[in-house]
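Some notes on the structure that comes next.
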DNA sequence: GCGACAG
DNA sequence: ATCTTGTCGC
């Protein structure tokens, strides 16, 4: 993949204020509506059969034929080697089959600062995506997109940088107000809109993403799973974002692209930086 | 000043 | 994110 807007590269040498200013520019050109060519219903991830305990049942048949016209979904995830270098893994999947994997890495130059994640992990991600040869129909990133103080989380930043449809999947809420409390367990498949509030650069009440319960245990009263926090990155609506996440989770808590990128990132981490 | 905060 | 074994629940 190629960077489309080099002026938006996440340069960690910029000042704190410059980083925030860049994020506002990115949010200005970001598209939070559907502007892509895929149909979330044709992503090709099969629902995982469950056994009696509700755990994924292994041993089901493997797919051998892949639809070459199906959309390509790319999952991206990072891991750290020591604490001065990050590795990024990108895994491309088409019709449920891994078609390419790419690695990237970069030095860690700034600490983790809520709201500025892209400037810490962005360089490694760019390195990985630039060495990916297939074209992605949509990229799935770890973290927020529009659910961000300046509507420019890491999924939005990367999406706009490459001008590729992108979605953000986070395990925790960064900002915004859920329409319903997320403190009590939600049932599987439930979705709760997250609205902009005073902490977000968007009109109050704007739906900037959804909490989505991808998986839940049979008896959430005793043991429960937390919902995922999904938000559009670029060229995808909040509603389509949830559809992409729902289709790719296929019975697991995390989307398959994320899980596979996670595993690959661990491999890269083990074999040095 | 206080509180809140993705990975 | 990362450091890590056992343990609870279905």
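Just so you know, glycine gets a Cβ as well, placed from its N, Cα and C.
TrEMBL tags one of the stretches A:17-41, A:42-66 as region 'Disordered', and that stretch is A:42-66. Spatially close to residue A:112 (site 'Interaction with target DNA') yet at least six residues away along the chain are A:120, judged by Cβ distances under 8 angstroms. Ranked by Cβ neighbours within 10 A across all protein chains shown, the binding-site residues A:77, A:142 are led by A:77.
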